[in-house]
Amino acid sequence: MAEQSENPIESVMGKISEKIHQDSSSSDSESDSEKKSYPSESVKDKIWRLFGREKPVHRVLGGGKPADVFLWRNKKVSAGVLGFATAIWVLFELVEYNLLTLVCHILILSLALLFLWSNALAFINKSPPRIPQVHLPEEPILQVASALCVEINGAFMVLRSIAAGKDLKKFLIVIAGLWVMSIVGSWCHFLTLFYICFVLLHTVPVFYEKFEDKIDPLAEKAMIEIKRQYAVFDAKVLSKIPVAALKAKKV
């Protein structure tokens with residue numbers, strides 16, 4: 001009888017001790033996981049991204065279908081768009097086709113084929129072909145025009161503030177950018193420059209998205225060096241310009 005009374009008590013004590021050991025082991029595992037997660041989060045916060053980027057590359061490009069095309073989410077569509085742009089560049093730059101001539105030739109060929117096809121079907125007593133109606137939607141065109149208007153007005157505001165002499169740094173950056181663009185424009189035609197930019201949009205973002213963990217540290221070192229060189233240039237040249245002195249007096 002004594003052994004029977006002791007057995008339930010021992011079993012209950014054993015279960016309690018097992019429960020305590022399980023709780024302590026689970027708390028230790030949770031603390032270990034928290035210790036492991038904190039360094040990863042702190043390292044993640046310290047990662048430097050190019051141009052101060054905080055969003056994925058897809059969202060930086062605006063998201064939606066244009067970003068899908070630039071990042072080759074659908075390889076067939078991206079290859080088709082790039083191939084069409086290449087064909088246009090070859091026609092206008094290599095073959096030296098004019099835009100008006102190309103449009104007229106395309107319309108002549110299309111109208112001639114449709115005219116002959118309609119008459120051939122009528123000659124054999126068949127229903128004429130259904131020619132689709134072409135209708136340009138107004139809303140996307142208005143959205144594009146509105147976006148361009150906002151960007152152009154913003155550019156004019158920046159140019160106005162620079163011309164007013166309020167920011168010497170922006171003035172030097174804009175002058176250097178325009179000078180580089182003038183040199184590049186003397187090397188090639190506008191269509192070639194546009195095609196080069198189009199090809200870069202189809203190659204640089206997808207390349208950066210694939211190797212961003214390797215590119216960002218190199219870009220961080222380059223930005224640190226550029227800032228250091230600019231600080232030296234500011235101390236030796238910009239600080240001695242009279243415009244900066246007049247601005248300090250006004251303040």
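Even glycines carry a Cβ here, placed using N, Cα and C.
Curation plays no part in TrEMBL annotations; they are all automatic predictions.
The annotation domain 'Reticulon' is assigned in TrEMBL to 66-251. Across the domain 'Reticulon' (66-251), mean pLDDT in this model comes to 83.
Residues annotated as region 'Disordered' in TrEMBL: 15-40.
A Cβ distance under 8 Å defines the sequence-distant neighbours of the transmembrane segment (77-95), meaning residues of its chain 6+ beyond its ends; these are 68-70, 102, 189, 191-192, 195, 198-199, 202. The transmembrane segment annotation in TrEMBL covers 77-95 (among others).
Residues annotated as transmembrane segment in TrEMBL: 102-121 (among others). Sequence-remote contacts of a segment are chain residues at least 6 beyond its ends whose Cβ falls under 8 Å from one of its Cβ atoms, and for the transmembrane segment (102-121) they are 91-92, 127-129, 131.
When Cβ-Cβ distances below 8 Å are used as the criterion, the transmembrane segment (171-201) is approached by residues 70, 82, 85-86, 88-89, 92-93, 158-159, 162, 165 of the same chain, each at least six residues removed from its ends. For 171-201 (among others), the entry in TrEMBL reads transmembrane segment.
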